[in-house]
Amino acid sequence: MENQEPKLEESPHDEAPDQEPEQKKLKISTEGDEPASSAAVTAVSGGAERRLPKYKRRKVAIVFAFCGVGYQGMQKNPGAKTIEGELEEALFHAGAVPEADRNKPRQYEWARSARTDKGVSAVGQVVSGRFYVDPPGFVERLNSNLPDQIRVFGFKRVAPSFSSKKFCDRRRYVYLVPVFALDPCSHSEAEMARSDSGYEYVKCVECCEKGYKIPLGVFGKESVDDDGKSSEVQSDISSNNCGALKVETLSSNGEKTLNPDSEEEMTKSESKFCYGEKEMERFNRILSYYVGSHNFHNFTTRTKAADPAANRYILSFNANTVITLGGKDFVKCEVVGQSFMLHQIRKMIGLAVAVMRNYAPESVIQTAFKKDVRIVVPMAPEVGLYLDECFFTSYNKRFKVSHEEVSMEEYKEVAEEFKWKHVYSHIGSAEEKDGIVAIWLHSLNERNYPDLRVAEHKPDEVIVYKKIDAASEEKINEEEAAVKENANGAGELLLVSKVNDETSEEKNMEEGDRVEEKATE
């Protein structure tokens with residue numbers, strides 16, 4: 001019997017040896033990623049199969065600008081209109097973010113180089129993430145889904161580890177201060193005028209001419225008069241060194257008359273304040289106190305002095321340029337630092353303006369840096385502040401061979417055009433129409449910020465106002481207690497009196513010393 005070979009079971013591959021293996025299905029990243037799915041379609045022409053390129057997510061840095069009016073800041077907050085909210089929606093509608101990752105910024109590694117407060121603008125803001133930037137026309141698609149006050153300039157391919165927040169070395173902010181805000185005589189605190197019935201309250205003449213409405217409580221705390229009605233009472237005339245009191249006195253019959261004590265000074269008051277070399281030198285000297293590493297716990301909120309986050313490093317702070325917006329001159333204050341806290345720049349500007357207007361000594365800035373001192377610092381309005389540029393020096397140096405440079409160099413012209421069209425025009429019109437800075441200047445007084453003059457007094461000094469006895473009242477017709485500054489800069493209590501006969505200065509000094517001795521008993 002012949003040996004027969006066993007029959008082998010035929011496999012399906014043996015039946016059709018010429019059939020090609022089934023092609024693997026292309027992976028589609030997400031359901032809503034239209035560019036990726038459309039690009040994965042294959043085309044057959046003349047029996048040959050051709051595969052179109054598949055779009056991939058790319059790590060990019062997006063450079064853009066915005067005008068902050070009408071927005072609650074840069075960072076996205078639930079229920080608030082923010083710049084990030086607008087940008088995220090534009091990225092989704094442009095096909096850069098799939099449906100599955102919508103409203104989930106962590107999924108595409110979202111990061112911002114700087115946060116801005118409510119109403120603050122930006123010209124050189126940078127955000128980063130992993131987006132579908134293909135096909136060409138990504139910038140145009142983004143801008144078509146954004147309002148005119150938000151414009152994307154371009155994007156750069158960056159390293160996979162890039163983060164616009166962590167890799168940002170420095171940030172430069174600019175604050176536009178109206179020149180009149182640096183003039184101690186402009187919109188000064190001289191809101192009281194002497195009349196027959198004593199001191200009477202009058203409104204600021206400059207604000208009345210412009211039609212500005214000053215909110216209640218700007219000038220200080222309210223008090224109740226003899227009739228039980230709430231009225232605004234001020235304890236002194238202007239606390240700055242401006243000799244001119246540009247106010248009007250209300251007479252008993254309701255007619256307006258100029259204060260006779262200030263008629264001689266009106267000529268000086270009406271002379272135009274100029275930001276010349278002396279003013280520029282003084283303002284730059286005031287701003288230079290901020291340069292270096294300091295504890296800025298008094299220049300922010302919710303940050304204690306012991307918190308390491310309160311220590312910040314300022315590289316430069318100057319005000320060397322003047323620009324004209326709507327017929328008004330503005331001083332361009334540029335500050336460059338590693339990072340900034342909430343309200344820090346606005347408070348630095350606010351205190352610098354207060355010092356420039358002689359409401360506070362220059363030494364109060366250094367006092368505010370002390371950890372054991374708590375000072376209420378004035379905060380300038382948000383309308384004049386904008387983020388000018390973010391710098392990535394270390395990253396550009398490290399990846400200069402493999403990746404493009406992340407900077408504003410390529411977008412200087414378009415950024416300058418956006419700045420004048422949207423940012424500068426808004427700052428100029430806001431001041432002309434609403435007088436935001438002018439109204440804010442009236443709040444710079446000793447009642448709202450009693451700590452501004454703390455550096456003028458000795459730490460152990462106590463100022464006591466004591467009633468003068470009857471014998472002194474017979475000799476003195478008019479009495480005023482005033483704090484004067486001696487040659488050493490220390491404050492002492494002196495009795496300034498006017499006597500019928502010509503009393504020598506020595507007798508006044510002796511009387512002042514006698515009152516001071518009694519006060520210390």
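Placement of Cβ uses the backbone N, Cα and C atoms for every residue, glycine included.
For ASP117, the entry in TrEMBL reads active site, nucleophile. What TrEMBL records for TYR173 is substrate binding site. Under the heading compositional bias 'Basic and acidic residues', TrEMBL lists 1-30, 499-521. Residues or ranges marked as compositional bias 'Low complexity' by TrEMBL: 36-47. Under the heading domain 'Pseudouridine synthase I TruA alpha/beta', TrEMBL lists 288-392. According to TrEMBL, the region 'Disordered' annotation covers 1-48, 497-521.
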Average pLDDT across the domain 'Pseudouridine synthase I TruA alpha/beta' (288-392), rounded to a whole number: 96
Largest tally of Cβ atoms lying within 10 Å of a Cβ, found at which of the recorded positions ASP117, TYR173: TYR173
Inter-residue Cα distance where the pair is the residue listed as 'substrate binding site' and the residue listed as 'active site, nucleophile', in Å: 12
Secondary structure tally of the domain 'Pseudouridine synthase I TruA alpha/beta' (288-392) (DSSP, helix then strand then coil): 29 helix, 36 strand, 40 coil
